[in-house]
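Feature annotation from Swiss-Prot assigns transmembrane segment to 12-32, 333-353, 360-380, 387-407, 435-455, 469-489, 528-548, 853-873, 875-895, 897-917, 953-973, 984-1004; the stated evidence is sequence analysis.
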Amino acid sequence: MKFFALFIQRPVATTLLTLAITLSGIIGFSLLPVSPLPQVDYPVIMVSASMPGADPETMASSVATPLERALGRIAGVNEMTSTSSLGSTRIILQFDLNRDINGAARDVQAALNAAQSLLPSGMPSRPTYRKMNPSDAPIMIMTLTSDTFSQGQLYDYASTKLAQKIAQTEGVSDVTVGGSSLPAVRVELNPSALFNQGVSLDAVRQAISAANVRRPQGSVDAAETHWQVQANDEIKTAEGYRPLIVHYNNGSPVRLQDVANVIDSVQDVRNAGMSAGQPAVLLVISREPGANIIATVDRIRAELPALRASIPASIQLNIAQDRSPTIRASLDEVERSLVIAVALVILVVFIFLRSGRATLIPAVAVPVSLIGTFAAMYLCGFSLNNLSLMALTIATGFVVDDAIVVLENISRHLEAGVKPMVAALRGVREVGFTVLSMSISLVAVFIPLLLMAGLPGRLFREFAVTLSVAIGISLVISLTLTPMMCAWLLRSHPKGQQQRIRGFGKVLLAIQQGYGRSLNWALSHTRWVMVVLLSTIALNVWLYISIPKTFFPEQDTGRMMGFIQADQSISFQSMQQKLKDFMQIVGADPAVDSVTGFTGGSRTNSGSMFISLKPLSERQETAQQVITRLRGKLAKEPGANLFLSSVQDIRVGGRHSNAAYQFTLLADDLAALREWEPKVRAALAKLPQLADVNSDQQDKGAEMALTYDRETMARLGIDVSEANALLNNAFGQRQISTIYQPLNQYKVVMEVAPEYTQDVSSLDKMFVINSNGQSIPLSYFAKWQPANAPLAVNHQGLSAASTISFNLPDGGSLSEATAAVERAMTELGVPSTVRGAFAGTAQVFQETLKSQLWLIMAAIATVYIVLGILYESYVHPLTILSTLPSAGVGALLALELFDAPFSLIALIGIMLLIGIVKKNAIMMVDFALDAQRNGNISAREAIFQASLLRFRPIIMTTLAALFGALPLVLSSGDGAELRQPLGITIVGGLVVSQLLTLYTTPVIYLYFDRLRNRFSKQPLMKLE
């Protein structure tokens, strides 16, 4: 009593305490960072190694395997995958969520150093690593276009000036430049002219290398002057190389221009990029794992004026894609929902109390509780994100409950004519324990969430802590500020009060009287009520088993990624045309705003596209509906497939794939894997629960296999190295010399002219000059025939691996898809030597699915323990928890009604319902117990009176919680698909629970009272 009186009798101190909480919250809000979701990125490090000319199998066995053995010993690695392609290996290390990425990077460097002695000596450089996840969508894409500069020049500016500066920005992990390559002098040889002049390809290479050298020439010290010696030993343009003498034929010089076309071009002509239908160079910007997207994008945008100033004015530097606008729009929508929720909750209070002064009290208590939470969020290192703001939106209904319970009880005494000061003291004392029980038991629901491991635990930790802090502050405000304001603002006017609430009061009184009659019937027919309660328990089980489930709601971020997978033998020219065709099809869709893409590099049968959709206000379809509409049009393009997927804020795993979900096949025998992968892929492609089924197994690349006749070669005086050099000089885009410039280094690239590189019959025109000076055609000592060759070799751990990727059809669920995949594997009879397992998001989904029921049971057990401690009873917590089955039925039925799968967001809604619906029972049980202890009445009469007495606050708190969640259900802007499942679950659970628990709780109370009387004759103890 003295505790409450302290705050009621000292209004200045209480007001200043409230102001301190509010000011600290305002300061915390101004300092909080902004992000789409809590920081849940797995620490991922990518290791790269290269050995030019090595085929994929050689890279896998001689480079990837030794590195994997060393890297696999690092503590905290939970997944290691590698891809080896022509001349390069890329290893992706995914660490535990709790592992610090900087510490992991140090361990990776130590492992690379230890493995160095096991690597081939022909590697031009040591393996390197980057702190980045290659499967993560870029945070920004910039394009360079120009009417006056060539693609090579644009690439030069992009890589030399722009990429370097952007990569230095805090939060940026990597800047990939695509769409072309660095400028170079290209020497395009004519084999026929070389043969006629008697000049070998290697002689041309040696002549060019000897003519372009950069060596120190020294200096001369005269008597009074120091002279630096500098010669014109470098040739920097194609014009300078053309007159170069490469050979003498019968005393006549053979110049390079006589046997080759020498042009200023690019290092690798097999690269192409496009944006808005025209050639472009792309800057694809990725962030470090854990870096804040909004803050990183803002830093890059701040550098834009300086970046544009560093390049010529005739080069246009534009932002083609930016992930931040939809994130900001989504957060704006959540903030709008929060404001609407606060307004609706206060409206509920006004409708019931019909007093401006009384309504002012929760109108102050609710914002103070929410604003004060921002201070704790800042101290905990949280951010303003969709989940934390959703927690505050839902908290609106919770924090007002405490104020409503206190305010309504004080108002009841005021209506009875009690003086305000006495009414405030008496009212808060009567419900103080009730409010404390409701708040502590609600916070207890989140204890299992806080202890939950893995990504779901990390994801919802901010949600749980934010909501718990808001409830804690609300508890303090309700027991201090609320009674103080009631004592000083409200007046005791019973007659006037009756007049003010006459209209609504008559309706509420009629409802209350009807409830009393129906409750009296229920207490007389307890068996029927118990049948209803047991039926809800059974219905919960059936609904949970049957409802479709998914990991996380499919988000519409307004961004899509497309991956082109063409025939493995496709030429670059055809692949470039496929890119143009696909971009034209996608760009023509009315929902698409812009499309950029590029192809080329070491894997010529693949390409990437980045698609930005129009804002939601300008399109009617979701991103998934756009993908479904485009899927039919894209399927008509022969020889290639474009797989589209919507960019998500959460993506698990480091492997690059063409779709959102992965199923990985593992085998120690590569031959067995290559035998069974096509069978499994074909079976999965037939499943209606899956879409866009594809594989990363690339073992059908076209290869022209040459067989040397070594005896003939020995007789002709030709060794294998000369033959290999011939092929490399002709078809390898061989970099034979370096041109040094102040800001960069450029290459002289040699190969045969394009008309020869695009025709297999050009092999007939190749020749070498032996030691006798004779021109020997390649066909004299070699035969060739078409064959298949792997374009890439994949590992997971130390096993050969092949990942089958898939998307979900529109309306499909991940639970149905994973179950269908498992059935297909069983029906196929895949041998034990080939193992299958889900990877990435699908793997985390399965792990989460196994723990969902345990999490719910743990939450219920925790609440039971807390209530048992508070009530010093084993029985009363069961009475209170009997409200849960009806809430579960309502939540699951609502999800079914809205055709929404059961996701992690819906799971959180179920957890919240455990905390919400028990409040009704707590208010009933508290007053019934007090009536039995002090009124010497029967259990039936006590629970009947308690139910009628607490009917108004029960309805008020339920409607407050319902209206607090309603804006989430009705939201339709950016990020609505993330908010709606939470709102649907809570509203559905509250509606059904409210209808049933008003009857089931009193009946359960009676049942347990009878059991207590049967097994114990001890009277109820009075707890002071």
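Every residue gets a Cβ built from N, Cα and C, even glycine.
Through the fold, the transmembrane segment (469-489) approaches residues 4, 7-8, 11, 14-15, 17-18, 21, 357-358, 360-362, 364-366, 368-370, 372-373, 376-377, 391-392, 395, 398-400, 402-403, 405-407, 410-411, 420-421, 423-425, 427-428, 432, 435-436, 439, 442-443 of its own chain, all at least 6 residues removed from its boundaries and within a Cβ separation under 8 Å. Each of 333-353, 360-380, 875-895, 897-917, 953-973 was scored by its Cβ pairs under 8 Å to the transmembrane segment (984-1004), and the highest score goes to 875-895.
Highest Cβ contact count with the transmembrane segment (853-873) among the listed stretches 12-32, 333-353, 360-380, 435-455, 953-973 falls to 435-455 (criterion: pairs under 8 Å).
Using the rule of three or more Cβ pairs under 8 Å, pairs at least 6 apart in sequence, the transmembrane segment (953-973) is in contact with the transmembrane segment (333-353).
Remark: the transmembrane segment (12-32) makes no contact with the transmembrane segment (387-407), by the rule of 3 or more CB pairs under 8 A. By the count of Cβ pairs under 8 Å, the stretch nearest in packing to the transmembrane segment (360-380) among 333-353, 387-407, 528-548 is 387-407.
Beyond the ends of the transmembrane segment (333-353), by six or more residues, the same chain brings 359, 362-363, 366-367, 370, 386, 389-390, 392-393, 396-397, 400, 404, 407-408, 411, 501, 504, 508, 952, 955-956, 959-960, 963-968, 971, 973-976, 979 to within a C-beta distance below 8 angstroms of the stretch.
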